[in-house]
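According to TrEMBL, the features are:
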BINDING   Cys30, Cys66, Cys104  [4Fe-4S] cluster 1 binding site
BINDING   Cys180, Cys184, Cys187  [4Fe-4S] cluster 2 binding site
DOMAIN    21-141  domain 'MTTase N-terminal'
DOMAIN    166-398  domain 'Radical SAM core'
DOMAIN    401-463  domain 'TRAM'
REGION    1-20  region 'Disordered'
Amino acid sequence: MNSLSPPSGATLPQPSTSSTRGLHVITWGCQMNVYDSERMSDVLRPLGYRTVGTPDDADMIILNTCHIRDRAAEKVFSELGRLRKVKEARAERGEGTVLAVAGCVAQAEGKEILSRAPYVDIVLGPQTYHRLPEMVARAARAAGAVIETDFPVEQKFDFLPADRMAPAGGAAFLTIQEGCDKFCSFCVVPYTRGAESSRPAQAVIAEARRLAAAGVREITLLGQNVNAYHGEGPDGRTWGLARLARVLADEVGIARIRYTTSHPRDMEDDLIAAHRDLPQLMPFLHLPVQSGSDRVLAAMNRGHTADEYRALVARLRDARPDLALSSDFIVGHPGETDADFAETMRLIDDVGFAQAYSFKYSPRPGTPAAGAGGHVPEDVKDARLQELQAVLRVQQDAFNDAAIGLTAPVLFTGRGRKPGQLSGKSPWLQAVNVDGPDSLIGRIANVDIRHRYTNSLGGVLTEETDRA
Ligand code: 5AD
Ligand code: SF4
């Protein structure tokens, strides 16, 4: 499925500005610094920062320095001494302060500043202002400050009713992780959703047991960065996603387990092994790659190359040969050239995707990419998106064609569009329609796949036994 909007569950909320924080910028030096100070204020606005006239009212103070005069560093240290007092006075009132040093002195004397003035939280040179929101979010969290979207994950889940109704169709979603620390250049999630955090394994297992008792056969574990899951286990140790999946399969007895969305960097060995060992782990993986160009991947701050993604896919397919892959793609990220785009097309050719979501890059205020140069014209993005979606469509159709002739277990989640028809999901997340009785809804039964339609498969029931 190609789509112009992000998949559900992966929407991009706009930053909240309901709680504002004070920002005080002290600017020394040239026009360039004046401009930079304004830019820093701009990139911090989506995080809720509003300029205030005095450092005493500021949750964040930026000293934007100039190196052109003599004794520039000494002047900086003497100003920092003054700001330290402001920070201490605020701390006594229970208010945190992020203190940042920017500009040319920061660039030249960064290490010296951190060692002589350890109360400084952030030092950033002029080339890194676009990363300021990322640094601020990290520093504020490290300082224990609360970013409005940043709340203990359990607290939120506590508001969910414990006796949550099981969905009728035998498939349920279960959120295990929230937030993201990856800071991809284009993405607003780390700012809006805050730091990565995981629910304790015991809470997840308890909820899965309730769902199973209510008849749920398939659970999709959810998280912005679900394979970064690192919840506290009942044994006091940190559990990864693979461990959690094993317990859900072997002890809770969930027939089908899925998880989404994953990051290639967090695809660890034990999770790959779980795809080999656990038949309950469904052979479908949404593993966004975004681009096939190493240059663009680096600009996106994705933390891996195209070949590393290819190698990862090879290892996954080695573990689970019938694994179907899905991805997200962005065309027209700032700086993307025709040659970069061709690399993306080559990666698509090499990997072969069962489905994918693709987007034209669109700037999100406050993200590094939005402030970068080299924005790609809209008509170029349109053309690239069309070309990419055409190839992905061919791949999706080929993947679905290959299912014709298979006998596949289908979880029936509800009625189909036509009377007497049931609709369900194959292990590879394909929609499958058959004629059959309502009594099969919420159950798994084998289907002979006979037809491929635009976005679904058709077949006939072979046996009406639940493969419990
Ligand atoms: N522009 C276009 N697509 C984006 N996505 C996230 N941010 C942007 C953006 N600024 C896409 C990515 C991500 C998916 C959920 O949305 O492909 O994986
Ligand atoms: Fe956004 Fe990247 Fe985190 Fe995904 S991994 S939520 S794209 S920052």
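From the backbone N, Cα and C atoms, a Cβ is placed for every residue, glycine too.
Keep in mind the model is a prediction, meaning the values are calculated, not measured.
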Between the binding-site residues Cys66, Cys104, Cys180, Cys187, where is the Cβ count within 10 Å the lowest?
Cys66
Output: those binding-site residues from Cys66, Cys104, Cys184 whose CB lies less than 6 Å from an atom of ligand 2, in sequence order; none if no residue fits.
Cys184
C-alpha of Cys104 ([4Fe-4S] cluster 1 binding site) to C-alpha of Cys187 ([4Fe-4S] cluster 2 binding site): distance in Å?
28
I'd like to know the mean pLDDT over the domain 'MTTase N-terminal' (21-141).
84
Cys187 ([4Fe-4S] cluster 2 binding site) to Cys66 ([4Fe-4S] cluster 1 binding site): how many Å between their Cα atoms?
31
Cα-Cα, whole number of Å: Cys180 ([4Fe-4S] cluster 2 binding site) versus Cys66 ([4Fe-4S] cluster 1 binding site)?
35
Could you find out if DSSP has Cys187 ([4Fe-4S] cluster 2 binding site) as helix, strand or coil?
coil
Annotated binding-site residues Cys66, Cys104, Cys180, Cys184, Cys187, filtered by Cβ under 6 Å to ligand 1:
Cys187
Using the centroid of the Cβ atoms of Cys180, Cys184, Cys187 as reference, list every other same-chain residue with Cβ within 8 Å of it (recorded [4Fe-4S] cluster 2 site), in sequence order.
Lys182, Phe183, Phe186, Val188, Val189, Pro190, Gln224
